[in-house]
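Swiss-Prot annotations:
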type: BINDING; residues: 189, 254, 269; note: Mn(2+) binding site
type: REGION; residues: 1-21; note: region 'Disordered'
């Protein structure tokens, strides 16, 4: 199955730049007539003596200027010519394994900015400046987590566990704002995340339970959804950073690790709960995703992944979710940004900070007052 903008068909000309997801096993992305086409080969039913035993079916054809990224999931491939077409049109290509984990990214030559990266390196090597930004990231993450839990409380019967989780997560946010070292900040973040997920656990009331956050690999359907969503959102942030010439691997809160986009993960922290967790909760509680949409992950023993049909459902919901505005304190409804534009704004804020402008301001989710 192919999803473009989550619809299974190319977006209309008036739509913004989008992502093409290729999920049907055996699909091949080709370059034909200046367009990216997706084909799948299947065995023909009762072929005649002169017929080919293989049937080819075209699933989609998209003009490259309408795309910003291409995501291949599981057993799907891309030809060398199609890859060249993507690079020529500045389309980032991401390869995800069957469980939704990121295997590789292929990106066009970067628009590197030497002065911008020098500023980034200088901040990274300045522990006090790095701590200031790491504190802002973690504080925003925990405040947004508490706001998500308050939203849950307003939409369903509260419980002692949920009320306690809100209080403890808010307390962790205040502690993060006052952290005096990177080590203490890491401990505060871990404790706050534990309290938050204990509260989120009470909100899954559909056919898919959530027993607590677990990963590497995700052992159950709810964790599989969260992990998949985090990969998709982090991948999008990585692409935006690369497009601005920022080094996505040099973060402030997340340490350096080979191949890890630490800066993208920093930006992800303030967004993962308002964006990914709320979507996973909604589609589970509305039973749009059900237990039959998951299967054991053969690539990661003990893990669980979405089936092909499950991925289709999730990606359709995902793209729709990214087009919805998010609440911000003090921002009127008509001025709220959808997730696409919000991500770009946050990257713009970061770039301004790196160039010596206003210190980075993380996204704040929710209303001005708790409750």
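Using N, Cα and C of the backbone, Cβ positions are placed for all residues, glycine too.
Residue 254 (Mn(2+) binding site) is surrounded by 20 other CB atoms, counting those within 10 A of its CB over all protein chains shown. In sequence order, 137, 138, 140, 141, 253 are the residues near residue 269 (Mn(2+) binding site), counting only same-chain partners six or more apart with C-beta under 8 A. Neighbours of the Mn(2+) site: apart from 189, 254, 269, residues of the same chain with C-beta atoms within 8 angstroms of the site's C-beta centroid are 134, 137, 138, 141, 253, 265, 266.
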